[in-house]
């Protein structure tokens with residue numbers, strides 16, 4: 001539900017980046033969203049469409065690049081995808097959460113010259 | 001043309017939080033961000049801290065709620081200064097609103113500032129408020145699967161207070177499963193307190209922990225400004 005607030009921030013960053021640039025139209029914004037970032041893609045898109053009405057970003061496609069959460073097994077020294085109870089599928093010991101899956105950033109903005 | 005950006009979307013909130021942290025350091029404030037589900041016992045935790053520590057430390061409270069002043073009134077009746085923030089629907093507090101609240105409260109140096117966040121286990125974990133400590137109050141009544149379902153919230157916690165332990169037997173709460181989940185998530189030392197604010201079980205060791213923590217913090221900051 002905090003997507004309203006974060007979408008405002010996202011739009012602000014994009015507008016700042018586009019300042020002083022010469023282009024016809026903004027076509028696409030790529031946003032990386034980790035599985036554990038707490039951000040719901042659909043809500044982000046929903047607010048993005050509403051909040052960009054009447055701005056230079058109106059009609060821009062919001063492309064979400066999802067990132068899976070990876071846990072790390074110290075015993076096997078390997079990363080694995082999140083299981084129901086964080087158990088390593090190989091050795092069954094408990095894995096640790098890592099930074100993989102917590103991403104939430106704008107990767108790039110595409111414009112038509 | 002593609003413009004590479006790679007910019008953290010929560011940067012603005014982070015900047016505001018960093019600013020609060022700097023102010024808190026200068027003024028020797030200790031800020032505690034208290035998070036957890038609705039009804040987990042966040043207000044009870046704060047009330048318990050006030051009851052047991054208000055004669056030793058100066059305490060103020062920032063109450064976050066979607067609506068109402070129910071909790072703020074309950075806290076005010078304990079004789080400490082409290083400021084209510086109604087978010088009007090937003091599911092978490094942001095650093096900007098904490099900065100405003102602190103500006104209004106103008107706490108004296110060496111004050112403990114409790115911030116009661118909005119009740120949920122998702123959104124508040126994403127927003128740094130410039131706090132010194134994150135406390136997650138998680139009630140046994142919610143079930144033993146919460147660390148698995150809301151890992152981000154528990155991972156960020158410095159202290160986990162498992163409340164309502166008096167109902168553990170009645171609802172079949174599996175303590176081992178709960179602890180296993182916490183251990184998987186947390187890299188740092190696990191600080192888990194098992195309490196019941198109703199029967200007062202575990203309250204003494206919880207209070208002692210916070211007394212020592214705050215006493216050491218303020219002592220390390222010197223006797224005068």
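Each Cβ is built from the backbone N, Cα and C atoms, and glycine gets one as well.
Copied from TrEMBL, the annotated features are:
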- A:2: Ni(2+) binding site (BINDING)
- A:73, A:76, A:88, A:91: Zn(2+) binding site (BINDING)
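Sequence features annotated in TrEMBL and their locations in the structure.
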{"residue": "A:2", "record": "Ni(2+) binding site", "contacts (Cβ under 8 Å, 6+ apart)": "A:38"}
{"residue": "A:73", "record": "Zn(2+) binding site", "contacts (Cβ under 8 Å, 6+ apart)": "A:79, A:80, A:88, A:90, A:91, A:93, A:95"}
{"residue": "A:76", "record": "Zn(2+) binding site", "contacts (Cβ under 8 Å, 6+ apart)": "A:88, A:90, A:91"}
Listed in sequence order, residues not in A:73, A:76, A:88, A:91 with Cβ within 8 Å of the centre of the Zn(2+) site Cβ atoms: A:74, A:75, A:78, A:80, A:89, A:90, A:92, A:93, A:95
Sparsest Cβ surroundings (other CB atoms within 10 Å) among the binding-site residues A:88, A:91: A:91
Within reach of chain B, those binding-site residues of A:2, A:73, A:76, A:88, A:91, CB-CB under 8 Å: A:2
Three-class DSSP secondary structure - residue A:73 (Zn(2+) binding site): strand
